[in-house]
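K.L.:
First, the structure itself, so that you have it in front of you.
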Amino acid sequence: MKYREIILNIPKEIAEDFTTFLDEIGVAGYYEILFDREVPRAPHEEIISDDTKFRVYLAQEDNENETKILIYLKANAGEVFFSESRWIETKEYEEAYKEFYKPFIVGSYRVIPTWEKDTALGTTPEGIFPLFINPGLAFGTGHHETTRLVLGRMGNLSLSGKKVVDVGTGSGILSVAAAKSGASPILAVDVDPNSVRSASFNRDENDISSEVLAVEEGGFDHEKIQGQTWDLLIANITFAVLKANIQKIVSIKTDHFLFSGVITERLEEFLELLKNEVGGEGVFFQEDTGWELIEWKRKG
């Protein structure tokens with residue numbers, strides 16, 4: 001089977017809305033390329049570019065979505081975007097992201113692609129947890145600012161023996177990190193079946209049992225999420241999805257939340273939403289190139 005690969009350079013400020021749009025029209029897959037270096041950007045470093053690069057994949061029989069994408073970008077980015085496209089085979093589609101995915105350290109973790117497991121493991125510093133990840137077509141390489149923000153904060157939390165739920169798990173990287181830090185049991189859920197398969201694969205690659213880390217299809221209204229009590233809820237999900245699910249979030253039995261996926265322009269609106277609907281207060285905040293991490297505690 002062939003796929004249409006569209007390579008896009010678009011303004012960073014429309015990236016969140018663009019990913020929401022791609023989800024709505026139902027493309028075969030996409031990912032955002034941010035950087036591919038070993039050492040994360042230091043806080044004092046300047047942002048290299050105001051643009052971000054996407055690779056979007058369309059199934060061979062999909063004759064409409066490329067036009068929809070270009071119309072969307074014309075309307076929202078004007079002339080400030082670049083695109084090119086080509087036909088690729090299934091193997092290229094599944095392997096394309098490997099070109100941009102290298103081992104790197106964030107906080108207490110070193111994210112290692114599964115195909116570099118044997119060579120990179122021996123060079124992992126002592127005291128750093130290795131996370132073996134093959135993102136496939138699921139979100140969560142660890143390169144995205146939102147994922148790095150959560151990983152960085154998780155390394156400063158005491159997770160041993162804690163009961164954790166990860167909503168919108170993507171590749172499962174955050175759940176794997178929680179397990180490596182001693183959390184158990186963990187429930188990772190995602191509405192995308194590809195993500196469920198990817199997260200399950202990565203769990204197994206890290207020799208984590210299904211008793212410690214269960215991966216299931218679902219969202220905030222998942223029966224197990226709503227029916228149990230949790231020490232920590234992790235949600236690396238866009239503001240639009242968080243806002244749409246706020247009442248489901250309110251009903252989850254936990255007093256401790258880690259949210260990411262919120263852009264700086266929406267931060268105040270999101271904090272007001274949490275204050276009015278969830279209650280409690282923010283206890284830790286961090287920003288990375290226009291993306292926000294919010295650690296929130298509800299008063300028990």
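Counting begins at 1 with the first residue displayed.
Any Cβ shown, glycine's included, is placed from N, Cα and C.
According to Swiss-Prot, the record shows the following:
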type: BINDING; residues: Thr147, Gly168, Asp190, Asn236; note: S-adenosyl-L-methionine binding site
K.L.:
Would you count the other CB atoms within 10 A of the CB of Thr147 (S-adenosyl-L-methionine binding site), including those on all shown protein chains?
P.N.:
25
K.L.:
Would you mind checking how many other C-beta atoms are within 10 angstroms of the C-beta on Gly168 (S-adenosyl-L-methionine binding site)?
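P.N.:
Within a 10 Å radius of the Cβ of Gly168 (S-adenosyl-L-methionine binding site) lie 25 other Cβ atoms.
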K.L.:
At a 10 Å cut-off from the C-beta of Asp190 (S-adenosyl-L-methionine binding site), count the other C-beta atoms across all protein chains.
P.N.:
27
K.L.:
Is it possible to get the count of other C-beta atoms within 10 angstroms of the C-beta of Asn236 (S-adenosyl-L-methionine binding site)?
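P.N.:
Taking all protein chains shown, Asn236 (S-adenosyl-L-methionine binding site) has 26 Cβ neighbours within 10 Å.
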